[in-house]
Amino acid sequence: MSTLYIAGAWQAGQGELFHSLNPVSQQTLWSGQAATPEQVDYAVQAARQAFPGWAQRSLDQRIAVLEAFAASLKGRADELAHCIGEETGKPLWESATEVTSMVNKIAISVQSYRERTGEKSGPLGDATAVLRHKPHGVVAVFGPYNFPGHLPNGHIVPALLAGNTVVFKPSELTPKVAELTVKCWIEAGLPAGVLNLLQGGRETGIALAANPGIDGLFFTGSSRTGDALHQQFAGRPDKILALEMGGNNPLIVDQVQDIEAAVYNIIQSAFISAGQRCTCARRLLVPEGDWGDALLARLVAVSATIEVGAFDQQPSPFMGSVISLEAAHALLDAQRNLLANGAVTLLEMRQPQAGAALLTPGIINVSAVAERPDEELFGPLLQVIRYAGFDAAIAEANATRYGLAAGLLSDSEARYQQFWLHSRAGIVNWNKQLTGAASSAPFGGVGASGNHRASAYYAADYCAYPVASLEAGSLTLPSTLTPGIRLS
């Protein structure tokens, strides 16, 4: 089966056979063989050969190809949404919004490129100072499974726009979405070798990251994999490495007037996408006392009614499945471990259907757990921590090695200003769901959440490097020579 796309042609992988499954039905959706190290090298060479021609195209010519890609996405919107839904388990309504985000990324990337990495010039004495930007060359893009269309797109589009060529390795859990996305690029008229697709798992990724022919690597995924890549790139300052990883994100709730609005925002923060967004709230900080008790009682009551189901279920559920049975079992194990160490169940996370990766929302009070693990539990399990004062809440929020997102629900602007000042995170929200982000803003974190290479609107920054020039149309002597130099 031809599942790799290299140098403008589909070919079969020569490595290990693997499959993609629907997380609920366990039906096989895609089968193929992984790329071998030799095929990885071939893809990098193809990208290298295509780089000069692509980089030398005018910006407008590259934009035209990107806009044709957007048109192809629109034409295949229903097909792509269905593909995302069946392979990730997310409901069709959410898959459709992901396709919309993929389309919108084109115009946003063009605007960002012009604003952040365009050309600028101005007079400087008898010369002109000019700032331009150049592409790095061949970049590898590693995509995650939670947004298998949108998040790789967030690297690939700005990389191609800047003039780079790309070798794309998607998650081994979502190869079908990647294949369909690449077909949209082919329909757009992207030249051979400019974008190459390598399917495979860990071994394929290691081979690509280690290939000396790449000039950079852009990654979205887990902290564990990101840490491994960072170590692999140690001592290689000539390579650009952009890491966007997860977080153990805190959401503080102050004593607000509108409890219903608070409950709604907590649910949207913790359980959307079955808790599989890197900005999902993992820790909910609630004040001690009667008001906090009432909030939690209402949160548990509403969360217990959340509809969970298959991606194409009608009426549509709010939550679909997690990505795999393995992921579901790991989350259930994490819940059991927390309970064994002193946590108290407020709403048990359950697997309602044996053999399916569906999980119901879980809420547990971990206040009594002496040493809470600072881990990103990537699913619908919300940990509650009760606090006695606002200063203590901020300290607890910052008690993590991560620094992706942090949020506050409060009627007090003064408290938000205090929270914003002391929060150590790249995304800080006030009275909005933690998973909300503006397309015109950067996306990234500090600490174990990234390496200061914010993506989204700031992706242009790591897709090209600045070149500063002093230019004059003719070579002339200055009006005054430097002391100590005599010309006869």
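Backbone N, Cα and C atoms are what each Cβ position is placed from, and that goes for glycine too.
Per Swiss-Prot, these features apply:
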- G221, S222, S223, R224, T225, G226: NAD(+) binding site (BINDING)
- E244: active site (ACT_SITE)
- C278: active site (ACT_SITE)
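Its Cβ taken as reference, E244 (active site) is surrounded by 27 other Cβ atoms within 10 Å in the chains shown. Other residues of the chain with a Cβ within 8 Å of the Cβ centroid of G221, S222, S223, R224, T225, G226, the NAD(+) site, are F219, D227, A228, L229, M245, G246. Spatial neighbours are here defined as Cα atoms within 10 angstroms of one another, and by that definition the neighbours of C278 (active site) among the recorded positions G221, S222, T225, G226, E244 are G221, S222, E244. DSSP classifies E244 (active site) as strand under the three-state reduction. Taking the binding-site residues S222, S223 in turn, the residue surrounded by the fewest other Cβ atoms inside 10 Å of its Cβ turns out to be S222. Looking only at the recorded positions G221, R224, T225, C278, the densest Cβ neighbourhood within 10 Å occurs at C278. Secondary structure from DSSP puts S223 (NAD(+) binding site) in a helix. Counting every protein chain shown, the Cβ of G226 (NAD(+) binding site) has 22 other Cβ atoms within 10 Å. When the alpha carbons of E244 (active site) and G226 (NAD(+) binding site) are compared, the span between them is 8 angstrom. Annotation note: C278 (active site) sits in a coil segment as assigned by DSSP.
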